[in-house]
Amino acid sequence: MQRNHNHTTIVTIEKVIDETPTVRTLIFSDDRMSNVLPGQFAMVWIPGVNELPMSVMISKEPGKAAFTVRKHGPASTGLFNVKEGQQIGIRGPYGNSFDLKEGKLLLVGGGTGLVPMMRLLSFVKSTDDVTVLIGAKSKDEVFFEDLANNMLKNNPHKVIVSTDDGSYGEKGFVTDLVEKLVNESNFDGVYACGPEIMMYKTVRSAHSRNMFVQASLERMMKCGVGICGSCCVGEDLVCRDGTVFDGDHLSSNKEFGHFYRNKAGILEKY
Amino acid sequence: MQRNHNHTTIVTIEKVIDETPTVRTLIFSDDRMSNVLPGQFAMVWIPGVNELPMSVMISKEPGKAAFTVRKHGPASTGLFNVKEGQQIGIRGPYGNSFDLKEGKLLLVGGGTGLVPMMRLLSFVKSTDDVTVLIGAKSKDEVFFEDLANNMLKNNPHKVIVSTDDGSYGEKGFVTDLVEKLVNESNFDGVYACGPEIMMYKTVRSAHSRNMFVQASLERMMKCGVGICGSCCVGEDLVCRDGTVFDGDHLSSNKEFGHFYRNKAGILEKY
Amino acid sequence: MEPSLATSIGQIQLDRPVMLASGILGISLDVFNRLYRSGAGAVVTKSLSTEPWEGYPNPTIFSVKGGGWINAVGLSNPGAPNFAKMIEPNQEVPIVVSLVGSIPEDFEMMIQQFENCKVIAYELNLSCPHVAKVGLEVGDDPELVRKIVTIAKNTTDIPIIAKVGLGTTHYLNTVNTAIDSGIDAITAINTVRAMAIDVETQRPILSNKFGGLSGTPIKPIALRCVYEISSKHDIPIIGCGGVSTWEDAVEFFLAGASAIQLGSAVGNDWIDVFSEINNGILQYMKRKNYSSIKDMVGLAKKS
Amino acid sequence: MEPSLATSIGQIQLDRPVMLASGILGISLDVFNRLYRSGAGAVVTKSLSTEPWEGYPNPTIFSVKGGGWINAVGLSNPGAPNFAKMIEPNQEVPIVVSLVGSIPEDFEMMIQQFENCKVIAYELNLSCPHVAKVGLEVGDDPELVRKIVTIAKNTTDIPIIAKVGLGTTHYLNTVNTAIDSGIDAITAINTVRAMAIDVETQRPILSNKFGGLSGTPIKPIALRCVYEISSKHDIPIIGCGGVSTWEDAVEFFLAGASAIQLGSAVGNDWIDVFSEINNGILQYMKRKNYSSIKDMVGLAKKS
Ligand SMILES: Cc1cc2nc3c(=O)[nH]c(=O)nc-3n(C[C@H](O)[C@H](O)[C@H](O)COP(=O)(O)OP(=O)(O)OC[C@H]3O[C@@H](n4cnc5c(N)ncnc54)[C@H](O)[C@@H]3O)c2cc1C
Ligand SMILES: Cc1cc2nc3c(=O)[nH]c(=O)nc-3n(C[C@H](O)[C@H](O)[C@H](O)COP(=O)(O)OP(=O)(O)OC[C@H]3O[C@@H](n4cnc5c(N)ncnc54)[C@H](O)[C@@H]3O)c2cc1C
Ligand SMILES: Cc1cc2nc3c(=O)[nH]c(=O)nc-3n(C[C@H](O)[C@H](O)[C@H](O)COP(=O)(O)O)c2cc1C
Ligand SMILES: Cc1cc2nc3c(=O)[nH]c(=O)nc-3n(C[C@H](O)[C@H](O)[C@H](O)COP(=O)(O)O)c2cc1C
Ligand code: FES
Ligand code: FES
């Protein structure tokens, strides 16, 4: 089975949705990807451009899946520019997944880190009381707020947006909100995906209060299968041991929240 | 599946039975081989000696199988000399199998050609009326007579031995007996395995009377899987298209009964 | 319009681009006929020598993990004279005669045997052990390659193909020499030297100890060789090594091969493999709107 | 008595005979510690250069049929000086430092960086592109190999291993030269040059077009190399290429290797592969009544 995952499959982009000026969702058909667990990712090949890791986004239609990509460097810009009808290659799914608790849940997502959060939402029970925090720099960069509200319409829920500049929703860092919420009440599960510093603070806030918390890490990835070593964080390989790690484990990792490795593998400070 | 068949498995010879001064049966444990169909064969590696094709002999015990080998050239002598506790390599099973009819059956075997016949006997219905002809040069070389009688003890049956020199059973060539029997009564199925000329005559006798007849051919075999070409008879590859062929098909094959290929692949007359 | 599977390898015209590789089932005219009816575009004979060879004792073939085979049949063959007589009646099948020898004159003598036969090309198997230089193959000696190709070209007007492999010399040097000497096409590649040991009995499995690795494992290597040759030279190429699906065949076309040969796949999928691959190629060509094989040869070099 | 998994490669002593091959996860001391705890007998670092290298853009790795990988990570590495600092704290893990360079002085400079580190050996990766001769690798130039081995031996007393591969020159010549120049051991083999093309988008998949084939497909080739080297030379050998089970490892021992390295298997079976193979070897040794790995090294050559 493992071996088949690793073979590249060519899929055609059927639809492209502009989420923000710099974020797009690209929809394609693929049974395997439509059924991945929250937190799992694919290695996405943009022919002639690059290959990069992408969380697998949900799609409304069965048998379909998507990638939601923010235009950034050359690889992500290449994917961002893929048009309807064009072909890309995918392999995977790779990685483990979030361990979904029941009860009172807190989901914290920033930017495209919301992708695994949306898939996590598709697994919550209708009895769960779910709070979703969406962090963004400014109003322009907010997306998936409606989607989250819509997915939770039958749940007791709150979707709170906070922008650094206060141009939309609450003003301030999303992690300040996290600290406030975990201080006020106990959550059965806290889940984070987004910028490392956001995850680091979220984990610290929840873990210091003995709440179950998990974060899905991002590192430079070349192989996605645990061979090349480029994704290591301390002794963990994000692609294979993660991407999802427990707060417990992360709290003892000396690199999480502080260092990452560049393309040559040199440790650099965040 | 095909690929797994092709991997060599090492088995230990658990028991050696002397059938005649030049024929021995070697018993080993192997689930796959214990369940082969009549006509199927294995490629048998005698480490340090050679590898040769062998019909898979039945064994009384479940999960076991055997080879019954006549000491001849270097390869078969190598196998003949394998002692209890020694290891050999096997791959397969290879080849198709006999198509067992119901009713009045005639089985014609010579020498180690009796091996697939014994396995065929293990599949006959208790209502079948079975005649087994065993051909041999002389008394010394007769084996499996008791086994055949024993296997058929609940059937209407006859086991007839004929020796070329008349030292045991009827005197003469077994093919003369075949001609006599198919002349006297109609058989629903005639099956032959043994020296090519014996099979050739048996097929001719039965096929000319429109009886269903099959023979399991022997040719030089190097690969057993349809690559090397050494086992070809006309346009057929014995290892892959056979070893069992219908009388119909054989009657139109120009080489069957007349020619075989030597180790260099040169056609030689029988 | 239905795309056409026809292809040409220089002067050699084929109805279909999938050939049977040398050494595989290539022993009788009846089998050649059957293979041709089953979809093979041409059949390459076993490599023939001046005299009959018995080859090595068994085991001569071993199946390895990953869908490949190691073989050491030892070039067993009936010899060119016997073989020529056998294929004389042939009218229909496009036969490529594979030849093996250690001195240039061997090739002259053998080609002359086939004067009365319908042969579409000769393929020189350069992976024969070198008589003078122990451990080398014929293809490792540029001077010898030059002489063999020259004598073959001088003996017949029928196209001559050189089949190269990963010997001890860089195969691209052999290709260079063969082209300089007037070769018409290149088949790449032959099997790759390999071995297998049984851990229970603790001995090499093949009677010859070493053998040639073929099938799926060598496909990525063969593909790179075709791409390398076609990037350096303007010579028709036949890709060979590990083809078992239409995708494999198309990869070779895209890398620059005008036709492919296959052998090991027959051991897994039997003779049906030819029509399956032909059909796959045809569907692909329809989808991509190609009218002939030529339309895709070498496309991967453009990117 | 329980058999011992300890082995020696010349002067190099290992607790366990299964090493992590160069380029695989070999980037951080924390990971090295984890691998050692998981059963690796030693870890070989990524091949280090004098300066940091970013390597090629993605795709840098591709999975082929038959359980293999083609990679072209382009020897990305943090550079010897950075790396040396990183492993300075190491006390416990047997680390082999792999080095890559194109001039002999590179190796002198790099080895000096590790003066304060606990390193059990240096492995010279001779599959680095040749700067002067386009298309060649360092290992294809005997004169350069001689100089590199000599300078390395003169710079340190720690054992030096040469890692060879199927370059464009016969690898046995490289082995010869390395031995003549005083090498302590040989690792055979590196990846085999290969490629993959996507039939839909019709382009080579790896950004570098060509890459190195590793894993199951190359095992029979690597095994033959180990057997060939050990048949010709009395030099300690580390077998590398396609090991994924204990049987594979034992095959290499029987062919003449004193230890093995593996890489690709980690991509399939993850880090557990080390303890699984160690256990398998141990069971085998009990069954065959061996007390040490040495008892089986080279046995297949006796038959
Ligand atoms: C598991 C995982 C899931 C991801 N999911 C998404 C997603 O759903 N949507 C999304 O927009 N982005 C996602 N990313 C991030 C994405 O893969 C890219 O890293 C990011 O888009 C920047 O890449 P770039 O090549 O365009 O930028 P570059 O200009 O090439 O690089 C910018 C920075 O990104 C980092 N980077 C480069 N390549 C990679 C790489 N292959 N992996 C990780 N970091 C890299 C480098 O450290 C570099 O400093 C995910 C990353 C991981 C590891
Ligand atoms: C499908 C099949 C099933 C067989 N089953 C049995 C069996 O159950 N018991 C048994 O004793 N024998 C069996 N044989 C015959 C056996 O494989 C050998 O061919 C025979 O024992 C003589 O081999 P040798 O190498 O000892 O003799 P050699 O002295 O090497 O050869 C004697 C003659 O046998 C022929 N021969 C040699 N090698 C082979 C080969 N690999 N395949 C076919 N012919 C060969 C040659 O034409 C040669 O002239 C079977 C053969 C086939 C094809
Ligand atoms: C059993 C066997 C016999 C072979 N004999 C020959 C031969 O006689 N001459 C030759 O040039 N190649 C010979 N080869 C090599 C094949 O022609 C081909 O180059 C190689 O098997 C790679 O193709 P494949 O992977 O499709 O099998 C032989 C291969 C096998 C498996
Ligand atoms: C992703 C990857 C990176 C590699 N990098 C190096 C390297 O830096 N230096 C080196 O000598 N070999 C390198 N190799 C080759 C391996 O060390 C090893 O020789 C080869 O993969 C064969 O072993 P395997 O089949 O067990 O993987 C690399 C292999 C892979 C798959
Ligand atoms: S991305 Fe290569 S080890 Fe994780
Ligand atoms: S034995 Fe090789 S083709 Fe039949």
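Quick reminder: no glycine exception, Cβ is built from N, Cα and C everywhere.
Fair warning: this is a prediction, and the values are worked out from it, not measured in the lab.
The average pLDDT the prediction assigns to the domain 'FAD-binding FR-type' (B:6-100) is 96. Residues annotated as domain 'FAD-binding FR-type' in TrEMBL: B:6-100.
In the shown protein chains, 27 other C-beta atoms lie within 10 A of the C-beta of B:Cys231 ([2Fe-2S] cluster binding site). DSSP assigns B:Cys231 ([2Fe-2S] cluster binding site) to coil in the three-state reduction, outside any helix or strand. Annotation comment: TrEMBL describes B:Cys223, B:Cys228, B:Cys231, B:Cys239 as [2Fe-2S] cluster binding site.
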(request) Using the recorded [2Fe-2S] cluster site (B:Cys223, B:Cys228, B:Cys231, B:Cys239) as reference, state which further residues of the same chain have their Cβ within 8 Å of the centre of those residues' Cβ atoms, listed in sequence order. (result) B:Met221, B:Lys222, B:Gly224, B:Val225, B:Gly226, B:Ile227, B:Gly229, B:Ser230, B:Leu237, B:Val238, B:Arg240
(message) Using DSSP and collapsing to three states, where does B:Cys223 ([2Fe-2S] cluster binding site) fall: helix, strand or coil?
(response) coil
(message) Running a distance check here. Ligand 3 versus the binding-site residues B:Cys228, B:Cys231, B:Cys239: which have CB less than 6 Å from one of its atoms?
(response) B:Cys228
(request) With an 8 Å cut-off on Cβ-Cβ distance and a minimum sequence separation of at least 6, pull the same-chain contacts of B:Cys239 ([2Fe-2S] cluster binding site), or say none. (result) B:Pro53, B:Tyr94, B:Gly95, B:Arg219, B:Met221, B:Cys223, B:Gly224, B:Val225, B:Gly226, B:Cys231
(request) Could you tally the C-beta atoms, other than its own, that fall within 10 angstroms of the C-beta of B:Cys228 ([2Fe-2S] cluster binding site)? (result) 28
(message) With every protein chain in view, what's the tally of Cβ atoms within 10 Å of the Cβ of B:Cys223 ([2Fe-2S] cluster binding site), excluding that atom itself?
(response) 29
(request) Report the DSSP secondary-structure composition of the domain 'FAD-binding FR-type' (B:6-100) as helix, strand and coil residue counts. (result) 12 helix, 45 strand, 38 coil
